[in-house]
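Participant: Before I ask anything, let me first share the structure, which is written out below as structure tokens.
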Amino acid sequence: MGGWWGWMKANFLPLHILIGYVFVVSGLIVCGLMALTYLLVWPWNRQLYRKIVMNLAYTHWCQFTFLGQWWAGCNCTLHLDNKDDLKYIGHEHVVALMNHKYDIDWLMAWLLSERFAMLGGTKIYGKSSLKMVPLIGWAWTFTESIFLKRNWDKDKEIISRDLAYIRDYPDGYSITLLLFCEGTRFTDDKHKASMEVAKAKGLPLLKHHLLPRTRGFIHTVHGLKGKVPAILDLTVAFRKDGAEPTLMNVLQGRACKAEMYCRRIPLDSVPTNTDQECADWVQKVFREKDEVYDDFYRNGKFTRGVKTEIPLRVNDMVVWFMWTIVLCVPLYYYIVSLIMTGSYATLFWAIVIIAVFAIILRLMIAVSEIKSHGSSYGKKDD
């Protein structure tokens with residue numbers, strides 16, 4: 001959107017600070033309520049705890065989807081390998097197997113999760129340091145995401161324990177476990193290192209992806225068979241006619257345009273007689289994923305699958321406006337008080353609070369950014 005409103009969204013810092021204020025304060029409230037629920041409900045009724053925190057999480061995470069689809073006008077068009085799969089999405093537990101090439105590929109998955117009413121039940125595999133990210137990391141912890149230490153002896157115990165929690169989730173509350181098998185975001189340096197590993201192992205080279213790390217996937221399949229009926233094989237790509245896919249562009253109201261190829265695979269069809277069979281299977285999936293992405297790379301769009309536009313819901317917009325009204329009324333009175341009193345101490349603390357909001361907002365954006373430096377990827381065997 002151009003004109004004065006487009007300029008305001010891109011350049012008017014007070015708007016960004018207001019968004020940051022609503023996000024931070026609502027996040028503190030949500031995480032505080034999650035902590036209270038953990039202390040009072042978890043010891044006595046884990047099913048009730050999970051129902052509560054899934055809904056609490058939605059009221060915070062949907063602010064990202066509001067920014068994406070209502071504020072910035074981003075869209076993610078779905079391409080279904082089988083149009084009949086649409087009836088399952090949002091109505092069953094799934095493991096989402098996704099490529100990891102962009103800063104905000106996760107946001108495109110969240111946009112569609114919101115439209116399918118799945119957002120509150122999303123979980124991730126992430127490195128343990130993500131638990132310490134203010135607000136979003138805390139909420140992931142309370143909602144039982146799985147955090148790994150990059151030490152397999154410890155990680156296999158963590159995965160077994162946490163998958164047991166996931167198996168215990170209540171019926172009627174579908175969960176989506178997001179798994180990036182590549183283990184890290186794609187960069188040219190990481191791709192080069194990854195393909196050296198592929199050559200050493202005698203595996204086919206991939207053009208657009210890193211070699212998948214298989215041990216975590218194998219452990220996940222063994223842990224969830226019988227509880228989770230399907231894998232969603234997701235391949236996301238961003239079109240050139242949209243803005244560069246960064247969270248900063250979303251905050252500044254610039255629309256990113258993405259497409260996602262989706263294939264539903266019954267979990268029972270994954271071979272698990274031996275770990276090698278399962279590893280070979282996921283390697284094959286990533287070779288197929290590479291072909292799918294290459295189709296987009298050559299044509300600027302996916303030419304396969306059934307193109308499907310999933311309609312927006314207004315839920316995330318309603319929640320954002322509710323938070324904004326509730327939190328901006330006391331802010332208004334505080335600003336009026338500041339102007340009326342003219343106290344240097346009050347002015348000092350106002351500046352400190354604004355700085356804190358700006359810093360936390362920048363930290364949120366920094367977590368999503370692909371670092372340009374090299375990686376240790378490929379230095380250790382999977």
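Any Cβ shown, glycine's included, is placed from N, Cα and C.
Any TrEMBL annotation is an automated prediction that lacks curation.
Residues or ranges marked as transmembrane segment in TrEMBL: 12-41, 317-335, 347-365. Annotation comment: TrEMBL describes 94-218 as domain 'Phospholipid/glycerol acyltransferase'.
Describe the structural context of each listed feature in the structure shown, including burial, neighbouring residues and relevant distances.
Facilitator: Through the fold, the transmembrane segment (317-335) approaches residues 18, 21-22, 25-26, 58-59, 62-63, 66, 70, 350 of its own chain, all at least 6 residues removed from its boundaries and within a Cβ separation under 8 Å.
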Participant: Sort the residues of the domain 'Phospholipid/glycerol acyltransferase' (94-218) into helix, strand and coil with DSSP and give the three counts.
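Facilitator: With helix first, then strand, then coil, the domain 'Phospholipid/glycerol acyltransferase' (94-218) has 60 helix, 18 strand, 47 coil.
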